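I have placed the structure first, in the form of structure tokens, so that the comments after it can refer back to it.
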């Protein structure tokens with residue numbers, strides 16, 4: 001089970017209703033952050049998520065509402081005597097910005113910080129991959145994909161019998177090794193299991209205008225978190241942001257399972273935004289508020305930590 005915890009769902013500046021962007025992915029005892037706007041540390045405290053469990057932070061771009069919470073997080077980790085390394089990823093200039101950021105106060109982290117600048121990259125970890133892709137925001141900016149590894153299918157009794165075998169202790173050995181020899185014949189795991197189960201796929205656009213790369217990287221995602229700062233093109237003007245209609249168009253074309261409309265402009269009250277979005281968007285969507293949680297497995301569940 002993967003949990004997507006919306007720590008901040010607004011854009012541009014914090015309001016009484018919502019904080020600026022930060023999303024926590026809770027998976028296998030690890031916490032990954034997508035963006036870390038100012039006040040994220042307080043949001044983590046509200047949700048009882050431990051900052052010490054954060055392993056990786058992926059920053060989409062260097063506008064303040066997406067990264068200004070980083071300093072307070074690093075300082076708190078140091079006060080709590082963290083020793084484990086922290087990995088920070090971002091677009092071009094990430095190394096320069098983070099290095100300058102860390103020189104802006106009279107403290108030094110108690111742990112190593114590894115900084116990685118990404119283009120369109122695929123990062124492989126034990127149980128999942130994270131892909132980065134370029135978006136259109138007028139400055140170096142990235143979107144991210146979390147792709148859980150596919151899981152092997154269940155043992156198929158019919159396939160086992162067709163090979164003249166019976167279920168037994170050998171199955172555990174095969175599961176560990178991937179192949180074993182039985183009665184002089186080499187048996188592979190895929191010979192006796194069903195179709196692999198697709199791993200969960202989540203996409204986060206960060207700030208962007210509508211662009212084709214989002215559609216390409218989002219195809220058949222379980223969840224697309226698409227910025228939808230404005231309700232209309234008139235409100236949007238010439239900014240490098242998206243409207244609700246544009247986010248819905250992309251989700252429909254990419255055939256995603258669920259769309260989350262994200263990064264609402266401060267001018268909109270939640271009720272107003274929901275009312276207008278329901279008129280505009282014909283696709284299956286949610287409008288998360290701060291502390292909402294989406295749990296993804298074979299189906300999704302929506303709840304709140306408020």
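Backbone N, Cα and C define each Cβ position, glycine as well.
Marked as active site, proton acceptor by Swiss-Prot on the basis of sequence analysis: 65. According to Swiss-Prot, the feature Zn(2+) 1 binding site maps to 61, 63, 137, 207. Summarising the annotation, Swiss-Prot assigns Zn(2+) 2 binding site to 65, 66, 207, 263 and lists sequence analysis as the type of evidence.
Each of the binding-site residues 61, 63, 66, 263 was scored by the other Cβ atoms within 10 Å of its Cβ; the lowest score goes to 63. There are 28 other Cβ atoms within 10 Å of the Cβ belonging to residue 207 (Zn(2+) 1 binding site). What surrounds the Zn(2+) 1 site, by Cβ distance within 8 Å of the Cβ centroid and not counting 61, 63, 137, 207, is the set 60, 62, 66, 138, 139, 141, 206, 208, 240 from the same chain. If you take the Cα of residue 137 (Zn(2+) 1 binding site) and the Cα of residue 66 (Zn(2+) 2 binding site), they are about 13 angstrom apart, rounded to a whole number.
Between the CA atoms of residue 61 (Zn(2+) 1 binding site) and residue 263 (Zn(2+) 2 binding site) there is a gap of 14 Å. The residue listed as 'active site, proton acceptor' and residue 207 (Zn(2+) 1 binding site) have their C-alpha atoms 11 Å apart, to the nearest angstrom. When secondary structure is read from DSSP and collapsed to three states, residue 65 (active site, proton acceptor) falls in the helix class.
Rounded to the nearest whole angstrom, the C-alpha distance between residue 63 (Zn(2+) 1 binding site) and residue 263 (Zn(2+) 2 binding site) is 13. Sitting within 8 Å of the Cβ centre of 65, 66, 207, 263, and not among those site residues for Zn(2+) 2, are the Cβ atoms of 11, 12, 20, 21, 35, 37, 60, 61, 63, 206, 227.
When Cβ atoms from all protein chains are considered, those within 10 Å of the residue listed as 'active site, proton acceptor' total 23, not counting its own.
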